[in-house]
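According to TrEMBL, the protein carries these features:
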type: DOMAIN; residues: 43-209; note: domain 'FAD/NAD(P)-binding'
type: BINDING; residues: A52, E73, L81, V117, W435, G442, V443, I444; note: FAD binding site
type: BINDING; residues: Q198, G199, N200, V201, R242, R243, E254, G442; note: NADP(+) binding site
Amino acid sequence: MAPIRWAQPRACAKWTQTLRASCSARARSYATAQTSRGGRPFRLAIIGSGPAGFYTAYRAMSRIQDAKVDMYEALPVPYGLVRFGVAPDHPEVKNCQEKFEEVASSPNFTFVGNVSVGTPSDHPDGCTVPLASILRHYNAVVFSYGAAKDRTLGIPGESSLKGIYSAREFVGWYNGLPEHADLAPDLTQGDEAVVIGQGNVALDVARMLLEDVDVLRKSDIAEHAIETLSKSKIRRVHIVGRRGPMQAAFTIKEARELMKLPDVAFHPIDQSLIPADPKTLPRAPRRLMDILLKGSPTPPSSSSTSTSTSTATKSWSLDFLLTPQAFHPCAADPARVGSTTFERTALSSPFDPHAYALGTAQTVSLPSRAVFRSIGYRSAPLPEFAALGIPFNERWGVISNDGGGGGGGRVQHEERTAGAAMAYGRFPGLYCAGWVKRGPTGVIASTMEDAFATADAISRDWGSGDVPFLNPDGEGGEAAGWDGVRRETGVGRARVVDWDGWRRIDRAERERGRLVGKEREKFTRTADMLAVLG
């Protein structure tokens, strides 16, 4: 088997305004990169088919003439978090799929679905190819496989009591992700739920718990989720954070949507946590504070100050200045969570967006018959990273790269210079984009900008003619791409899904949806997806 050849240096609307502005501004900054080196076309492997992968592919193919891109995806279906992470009642966010379809329609693009790179496939019909094989058959590789792990609290009861779920699993479950199709959250044990964390995902979870099920039926939410949510007894949701409203991570859109849910009330927050004159704040935090102060149109049923003739049957609250200490079992069922103890916190500076929380040693307990941990996702290294010497920052959950401050996402490593000082060196041809590059933060628009930065770096490096890449000219011939990987590894009896295969699955899901009055009914088993292909 040929060794990996490292080159040596020689002497969301359909296409958002943000995208158009970025394209036009950067298009003026430099010309399209050269087509080839030594007459050989540029071959790029992208690992992961979510927004970061597709935006990188789009940008690279528009910057490097005749670039050939192969996109690897462990599932038979593409789009990553656009399909499995975006809330089902946010269909407008998924409009970027139309652009991704344009990218995939290019004859220079190949979708390699149902093929996992390095990590063993998590379903029996999947195929796995070694990362080392990928490196042998491309000029460059982009890691854009996202964040598939959870951050944990590390407190008593978290791993031993039933009824405690990660938000990542819950979101995947209601969006039809096969990995979590069997999560089966029990929402019938009581009427109060606790969501730990105050980011947008936390508010998505709360909205799914409080939304009218008949509204969700019209979306592409998984049918098993509709069945479970229709039986839910949850009427009160606490969204808990260790800091205050001025430091919260959720955005205006998510807060406003929760406020506007029919028959759902918001419990007023402690106004001492908001500046006395919010008008002095910058525009974004001012608008958010206005929403929180205004509250919901319908008051909670327990409100004693309301003059309204009607009250809501469901409610939610933002419980600030609380940090979880322990989960406790239910008296009636010791195997299940019944309550959560929190320590009250104080802020180093209550109105400073960067204030930190300080413990006070005072505690409070909240009823918690269902708990959702929403404190962040986490990327993990591919199994072969260590053997190949590819550095992964475990603390931050990212591949070591030069992407800080909007950089290019070139994978880098520490090396000692001749003067014994430490410096950063590059891995020829290795790049990263998305959450595995910068951490699990931001929205699709920021992922797009991040992916463009990576693709622009690739284009500049390739066009320079003297930046090292994988499999340089004259050392074993043209990089063979997916055909070379397939010949080298074989695919056994696994079913590889191309873009036409995905289109057939897509049509089948849409037809299933049409029969029940919704846009699509997703397959939640990979075997059912593959069965469509015969």
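Cβ coordinates come from backbone N, Cα and C, glycine included.
Just so it is clear, the model here is predicted, and its values are computed rather than measured.
Location within the structure of each feature annotated in TrEMBL.
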| residue | record | Cβ contacts under 8 Å, 6 or more apart |
| --- | --- | --- |
| A52 | FAD binding site | S144, G146, A433, G434, W435, K437, T447, D450, A451 |
| E73 | FAD binding site | G48, S49, F111, V112, G113, N114, V115 |
| L81 | FAD binding site | G50, P51, G146 |
| V117 | FAD binding site | I47, Y72, A74, T128, V129, P130, L131, I134, Y145, L382 |
| Q198 | NADP(+) binding site | I239, V240, G241, A248, A249, F250, L318 |
| G199 | NADP(+) binding site | A249, F250, S374, G376 |
| V201 | NADP(+) binding site | A167, R168, V171, S374 |
| G442 | FAD binding site | D450 |
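Taking CA atoms as the reference points, V443 (FAD binding site) and N200 (NADP(+) binding site) are 10 Å apart. Neighbour list (R242 (NADP(+) binding site), Cβ cut-off 8 Å, at least 6 residues apart, same chain): L321, L322, T323, T345, A357. When Cβ neighbours within 10 Å are tallied across all protein chains shown, the highest count among the binding-site residues V443, I444 belongs to I444. Reported as a whole number, the C-alpha separation between I444 (FAD binding site) and N200 (NADP(+) binding site) equals 13 Å. Taking Cβ-Cβ distances under 8 Å and a sequence separation of 6 or more, the neighbours of E254 (NADP(+) binding site) in its chain are N200, L203, D204, R207. Shown in sequence order, F320, L321, T345, L347, A355, Y356, A357 are the residues of the chain, 6+ apart in sequence, with a C-beta less than 8 angstroms from the C-beta of R243 (NADP(+) binding site). Averaged over the domain 'FAD/NAD(P)-binding' (43-209), the predicted model reaches a pLDDT of 96.
In terms of local Cβ density within 10 Å, W435 ranks first among the binding-site residues N200, W435.
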